[in-house]
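J.: Pasting the relevant annotations from TrEMBL:
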- 239-240, 253-257, 270-277, ASN291: FAD binding site (BINDING)
- 5-191: domain 'Electron transfer flavoprotein alpha/beta-subunit N-terminal' (DOMAIN)
Amino acid sequence: MERTIYVIAEHACGEISPVTFELLAFAAQIRTFRPLPISVLILGQDVSGMAEEIAASEGADITALEIPELGNYNGEVYRQVLADFFETEAPALICAGHTATGTDFAPGLAIRLGAASITNIRGVAEHETRLCFDRSICNGARTARVLPRTETAVLNVQPGVFRRTGPVSPRPGTVRIRRTEYAARKLRCTGIRPSQADPGALSDADVVVSAGNGVGDAENIGLVYRLAGLFPKSAVGGSRIVCDRGWLAYGQQVGVTGATVAPKLYIACGISGAPQHLSGMSGSAFIVAINTDVRAAMMSVADVCVTEDLATFIPTFIEACNAAASGSKEEDHG
């Protein structure tokens with residue numbers, strides 16, 4: 001039986017999540033080292049339509065595991081159904097997103113399969129003819145290269161790292177539908193509660209100004225809002241720790257478990273640059289980082305770095321902008 005790279009498609013509310021297409025790009029990059037076939041799996045209730053969409057647009061063969069009672073994600077069902085599926089298959093690699101969903105089921109699946117589990121992946125390489133994977137450690141400050149010791153590995157890939165460049169095959173993929181009966185015994189979904197914040201505020205903004213742990217305290221969030229006020233069509237975002245502390249609403253969180261943004265300008269105020277946050281804003285056209293820590297991961301990805309206390313820099317910058325605007329108006333009237 002031919003060993004295969006499997007991609008576990010992620011979806012919610014009847015829509016395919018963007019990370020699914022990024023996982024296919026990741027699988028395609030692996031294939032530059034190992035010419036293995038790529039196959040997609042999608043689980044849930046009434047998922048055959050999404051399966052056909054992926055097969056047509058991405059050129060990937062896909063198996064839809066139709067599970068009548070799986071209207072919403074359930075980690076218990078995913079682990080069991082996938083473990084049963086792979087008993088009769090030959091997976092070389094099983095790829096899932098490093099998301100709330102992917103990190104929930106993937107490690108447990110690896111245990112059931114006796115496979116390696118590698119999370120937080122940001123790169124793939126070859127070492128002495130063996131495939132290895134780069135993952136972020138030390139809150140993004142370092143990168144470790146990991147070599148799996150098992151024949152099969154279950155991989156969690158950071159969203160926002162691998163960009164879709166085109167279909168994995170020039171031909172449309174085939175769709176295979178398999179109906180499976182499995183009812184969760186220990187877990188059940190009681191409902192999905194949407195965020196109370198405006199979901200379009202961050203995604204529609206041309207400029208996003210985000211606050212991190214380095215802002216110091218809740219009072220300095222006002223400085224971030226004042227900075228954002230300098231720009232038309234702007235929005236304020238934040239890292240997870242800022243939202244956990246209640247300084248910003250969870251609807252303003254940028255990152256793996258928050259919003260994914262790609263503004264023309266992203267200004268990071270006191271954000272260290274954990275991989276989970278970088279994944280949510282890596283598509284930004286231009287990045288400015290304001291931080292006193294020159295070794296912060298955000299400083300390494302920024303186009304412009306400001307090494308200054310934001311409580312000092314932001315008021316000074318705002319004052320300079322206002323002075324420049326006033327001078328421009330005087331010249332116009334002159």
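Including glycine, each Cβ sits where the backbone N, Cα and C put it.
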J.: What three-state secondary structure does DSSP assign to GLN253 (FAD binding site)?
T.: strand
J.: Hey, what's the Cβ neighbour count for PRO275 (FAD binding site) at 10 Å?
T.: 25
J.: Please classify the secondary structure at GLY273 (FAD binding site) using three-state DSSP.
T.: coil
J.: Need the DSSP three-state call for SER239 (FAD binding site) to compare against my parser.
T.: coil
J.: Need one number: mean pLDDT over the domain 'Electron transfer flavoprotein alpha/beta-subunit N-terminal' (5-191).
T.: 92
J.: For GLN253 (FAD binding site), which residues in the same chain are close in space, meaning a Cβ under 8 Å from its Cβ, but six or more apart along the sequence?
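T.: GLN253 (FAD binding site) has long-range Cβ partners GLY237, GLY238, SER239, ARG240, VAL242, CYS243, ALA259.
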J.: Of all the binding-site residues here, GLY255, THR257, ILE271, GLY273, which one's CB has the most other CB atoms within 10 A?
T.: ILE271
